[in-house]
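Taken from TrEMBL as is:
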- 7-27: transmembrane segment (TRANSMEM)
- 47-68: transmembrane segment (TRANSMEM)
- 80-100: transmembrane segment (TRANSMEM)
- 112-140: transmembrane segment (TRANSMEM)
- 152-176: transmembrane segment (TRANSMEM)
Amino acid sequence: MFYWEIISYGYLTVGAVIQGIGMALFLFPNSIPSGGAAGIAILMNHFLHMTIGVCLWFANLMSLTLALKYFGYQWTLRTIFSVSVTSFTVNWVTAFWYIPEWNIIMDLICGSLFYGAGVGILIRYGSSSGGMVVFALVLAMYKKMSPGKAMFWMNISIFILTAIIIDFKIVIYAVICQFSSTKIIDFVNTYKIRFSLFQDVAWRRK
């Protein structure tokens, strides 16, 4: 049991790092929010001039407090771990990697791919990327609204606010990023890789 817990945290680390690289290397340099919390982080960075990784962690802080109340200790602990690793990765990449100006469409494609793959791994192994997901789940508990619909409208509101303050084209890029990364998240989360992996290990032991 303890062994599989360590393995799952290893996967969470990989997922969070992939997500952080996608955000720091491709999305944030173009002020493209991958979600509501990322949009808040971009606005905090714009006004307060704090590092983007720290802004991302603070943007998730309220949702993590809410998660502890409604979804329990273990899920919240995994999400705190994932958010912390993602924020650290964003800070590290921003500080030590040279990020050249590139084609914004290519950045959008690569950023959506990395972000979707990372978050898909997190969800697959019992965690989340924090942010508006928590608020959407809580809202769905009390209102006759699906979590996806609640999260969509919350994210869109933040995207529009970010676009008004920074650049209106951000709304278009953010919606494309949401759509693309959601497809990748679903693919990674549902793809049957675990069975084939363990089957291969069992075969090698014979």
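Note that Cβ sites are derived from N, Cα and C of the backbone, with glycine treated the same way.
For the transmembrane segment (7-27), the partner stretch with the highest count of Cβ pairs under 8 angstroms, out of 47-68, 112-140, 152-176, is 112-140.
Contact between the transmembrane segment (47-68) and the transmembrane segment (112-140) is supported by 3 or more Cβ pairs under 8 Å, counting only residues 6 or more apart in sequence.
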